[in-house]
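Copied over from TrEMBL:
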- 42-219: domain 'Josephin' (DOMAIN)
- CYS55: active site (ACT_SITE)
- 99-118: transmembrane segment (TRANSMEM)
- 130-152: transmembrane segment (TRANSMEM)
- HIS156: active site (ACT_SITE)
- ASP171: active site (ACT_SITE)
Amino acid sequence: MGGESSVAKRPKETLLPRDWRRIPLLLRVKGGMSQGPGAQPKPSVYHERQRLELCAIHALNNVLQQRLFSQEAADEICKRLAPDCRLNPHRSFLGTGNYDINVIMAALQGLGLTAVWWDRRRPLTQLALPHVLGLILNLPAPVSLGLLTLPLRRRHWVALRQVDGVYYNLDSKLRAPEALGDEDGLRSFLGAVLAPGLCQVLVVVTKEVEEKNSWLQLD
């Protein structure tokens, strides 16, 4: 399957490894242009589709709602994390991707963001969504060989993001973004994927939000 992105009349910058830290982050996504008096703008949802084992890159770009990372940039992060390793532990030795959490964390940190592990024992009502940029899930997914689904499971990265008041499942294996609805819809979705105990959730926030712990509402 080719690496596609649906939407998006947005520019598709590909970051060069030495320049990726300099790209400004757009924390908010604007809707489309008004088509006339009283017309409601239609949201433009950026969605990259799966290519090779690049789901970590797709999840990063989908949660950031623009193409900020490429395979080349991710590979350089891997080299920086393990400069002396002949077989880099943070990616597939086949060169097809399969990047781990360390690559995602380093990529976000270079943009002034961080990812906080969500403790599944907490009630989802404690997740302060207005202070959260997005979510990245790590969950088991079936392995396919052409049209054949194998009896195997591999870990898969998935982005969830709010655009114009609607939360979307931006799984790169989907043909198009899946609307989840409002905050209650997102929490219902998270509850369902967390229930089997196999899913990990990363809460993507700014460093300021992390320092103030304001991604949690404990009252």
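The backbone N, Cα and C atoms fix where each Cβ goes, glycine too.
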Which same-chain residues, if any, lie at least 6 apart from ASP171 (active site) yet have Cβ under 8 Å of it: HIS156, VAL158, ALA159, GLU178
Protein Cβ atoms within 10 Å of HIS156 (active site), excluding its own: 21
Neighbour count (Cβ, 10 Å) for CYS55 (active site): 26
